[in-house]
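Novice: What Swiss-Prot records for this protein is below:
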BINDING   ASP80, ASP82, ASP84  Mg(2+) binding site
BINDING   CYS81, CYS97, CYS104  Zn(2+) binding site
Amino acid sequence: MSLDPAIASRLKRNEAGLFSAVAQERSTGDVLMVAWMDDEALARTLDTRKGTYYSRSRQQYWVKGETSGHTQYVHEVRLDCDGDTVLLVVDQEGAACHTGTHTCFDSDVLLAAD
């Protein structure tokens, strides 16, 4: 599977060929997680509508929920203005974080809202 050249030409990748992907819950607007993608992971996501990412530590692709059952159905994918990050607008089934919480950003508040 290959990424459409028109999309690939707009992406800015790091030295490892990766770019960041932010998953946002469609119904709440919550930022769920940040992961890495490469062209293949993005192509798979666009083709299947399943959040597919690249693990730097395992050096392999993974589909969110493939083992946990906590799946992401991808409704939209947007490219940011710099071309180095994609936003996935998803329906999250179950926890998004590997710790079992709904979002990876709910436990360590460094500055709370007034």
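Note: Cβ is positioned from N, Cα and C throughout, glycine not excepted.
Any idea what these are sitting next to in the structure?
Specialist: Contacts of ASP84 (Mg(2+) binding site) defined by a Cβ separation under 8 A and a same-chain sequence distance of 6+ are given as LEU11, LYS12, ARG13, PHE19, SER20, in order along the sequence.
Annotation note: CYS81 (Zn(2+) binding site) sits in a coil segment as assigned by DSSP. Taking the Cβ of CYS81 (Zn(2+) binding site) as centre and 10 Å as the limit, one finds 6 other Cβ atoms among all the protein chains shown.
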Novice: Name the residues of the same chain, 6+ apart in sequence, whose Cβ is under 8 Å from the Cβ of CYS97 (Zn(2+) binding site)?
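Specialist: Expected: LEU32, MET33, THR103, CYS104.
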Novice: At a 10 Å cut-off from the C-beta of ASP82 (Mg(2+) binding site), count the other C-beta atoms across all protein chains.
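Specialist: I count 8 other Cβ atoms within 10 Å of it.
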